[in-house]
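Step one of this worksheet: look at the structure below.
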């Protein structure tokens, strides 16, 4: 077997030895005591390190302060955000509540009761009274307050005094009239006073009648209001039970079918004539409208004349029809007014009957009260009292019996207690003996 030759040991160079020597020299210099120059350098390094350390500590403190501030700011921002979230939640809840309320209101809009009000019930009581007063003052002179005897005389004498004193003003004329009235005798004043009395009596009769009618109408109005309120309540309850869900579309106001239609213009007469021709050419609506408009603009006055004549005739017929329609509407309104007046008369009669019934019942109650009062007043104090019945005597006796029984029971219990105490004392004495 062939043996492998080991590699020859390499010789160390002199340069490597020198390097080792240098290293040892550096270690030796480090171990040897430092010179004064190196000590000064070390002190300078130490002071610079302390300064850096202090700066680092100051920076650290500054950073901790800034950190605390940022944490506080973050907390504040978090609080603001939390409040905003709460506000949003509450706002959403409020919006939901408002939506539900709005739905309820929209549902309530669907409730359309069929109510029948009596004539005059739509007006309020104050408005109705004002309207009636104005009408009565215009229509009926009896409703005016009567003038006094002095004013009646002044009306006759004023013109004569004006002729006698043309330069006199209102104050002077009134003074003259007053002095003249005082100088008149009782016989001269008598016709004016009698006339005043007659007018006053007529006025008082009218006022009393009106007052009675007002009271009767008020009574009837109250009764009808109660009926309408009950009817409204029934309808509302029925509406709630049915529970209509969707809001119905508002029904458009129906036009009167009898009302004549407005006449078309000359252009529309021409357009209607041309439309059929253009439709045969397979033109659409927009094209037809555009073409007819352009053609109408190009037409001369002579060409437009026949269409304008047709439009004029249509307008005349429309105006005649409108006059007839207005006349019929006025007649209907008049007939309706008459019906309302007749209905009002019937209501007045009904109200007066109700008032009579009420007065009758009030009078009966009043009479009963008066008779009772008279009976109580006419009772003789010396008259012997009626003897009490057996039931009343029994009622009076029972409380006294109950009281006596209670007293006996209390007495018996006290005796029993005394006996028991005596027995206990006896037993104790026997035990001692």
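Just so you know, glycine gets a Cβ as well, placed from its N, Cα and C.
Because the structure is a prediction, the values reported are computed rather than measured.
Within the listed segments 96-121, 122-147, 148-173, TrEMBL records region 'Disordered' for the stretch 122-147.
Given the ranges 224-244, 245-265, 266-286, 287-307, the record in TrEMBL names 245-265 as region 'Disordered'. Matching 357-387, 388-418 against TrEMBL, the residues noted as region 'Disordered' span 357-387.
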